[in-house]
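*Asks:* When I checked TrEMBL for this same protein, it listed these features:
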type    : residues                          : note
DOMAIN  : 2-105                             : domain 'Mur ligase N-terminal catalytic'
DOMAIN  : 113-299                           : domain 'Mur ligase central'
BINDING : 115, 116, 117, 118, 119, 120, 121 : ATP binding site
DOMAIN  : 321-443                           : domain 'Mur ligase C-terminal'
């Protein structure tokens, strides 16, 4: 059976393509924007990747038949040439989440990780902890965990970890993706307003999260932070499953952490007030500690001890594009991070500052997400960068508002640039300073990561 995926280079749809290939389907797909790491993964697995949304991609040609089923990514809308061709020619089609539910998640113990922030990292941690415990889980994650090198696999056991996104399913199904997954174990990491392009307000997102809560069985488990008022409101609408709590401070109940280092690289794990393990790992920041606690709690639900989970987290290798080290040259260390929400920017910079100490911390930020482009988070951007030494903002084409007001309100030195080469030149000024530079974007950012590293390498003797 031949599947063709519209929007195949998206983090979810690309991962879906890998699972379909492993299931034995013939897989092809097309996308307008092609960049690593997803494009690299697809090529390595022998998945045919076509540029652009051309109707001929859906037609039979020499050596390839027309697709038997078209899987439509949620970025596709009416007016897209491929979508119109599918509808006009009555081709069979479905959404990515529905295909996943029908062909992969049936009869699985689904472990879903939902929340505004930390989904990818927490999913990666959980999948690795289970792997380290010999449980060989399947997974679909919106990033590439360093311990696996791929974003998705079928696995060899009933356990399946899925990053559970609240974004809508498809142009013909406006429910959140995660309502399709029917998890037995569900982490609700946090909840804030996001995705202003599809949600009118916070209450609309809370409603979708409650739809997810409704799908967890009474013998399942919800893992929820003890200090999130928005999630508390969600559960107040009705909860039919046991709830396990976690938090950074010891509340005497549930999972908590006692930091043994300022940057969060070492912490003691407490369960119901009793010390049960210590984590020594390469991650930093309070947000990473919270992600780790949630993963440990979920792993315990399927039988992994806190001691084993803590040891496994010590071997956790992070996730591509989540504070991933790009390289080091001319006394400057470069990181790539996916942060595209003020809270994520703030927690990432706080963690980097705790690790860097007095060294310069420079943030290079592209406000690229749909919500950013609409300006919904405009007022929160400047305060989110307080832990940086300097912020270099990139004004991308198509941004409907200017960044000058953000710079004017900035608590640290900040500048706006409209081209990548100028940003690279500005970073060169930190030569020999030991600066930690983090590039934040949820897109390819015109290849700035490798371009900057190459430019810095020319400065070395």
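Placed from the backbone N, Cα and C atoms, the Cβ positions cover glycine too.
Show me how these features fit into the shown structure, please.
*Replies:* Remark: secondary structure over the domain 'Mur ligase N-terminal catalytic' (2-105) totals 39 helix, 24 strand, 41 coil, with classes taken from DSSP.
Within 10 Å of the Cβ of residue 117 (ATP binding site) there are 21 other Cβ atoms, across all protein chains.
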*Asks:* Say we define neighbours as other CB atoms within 10 Å of the CB. Which of the binding-site residues 116, 120, 121 has the fewest?
*Replies:* 116
*Asks:* What average pLDDT does the predicted model assign to the domain 'Mur ligase N-terminal catalytic' (2-105)?
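*Replies:* Per the prediction, mean pLDDT sits at 92 for the domain 'Mur ligase N-terminal catalytic' (2-105).
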*Asks:* Relative to the mean position of the Cβ atoms of 115, 116, 117, 118, 119, 120, 121, the recorded ATP site, which additional same-chain residues have Cβ within 8 Å?
*Replies:* 113, 122, 189, 190, 291
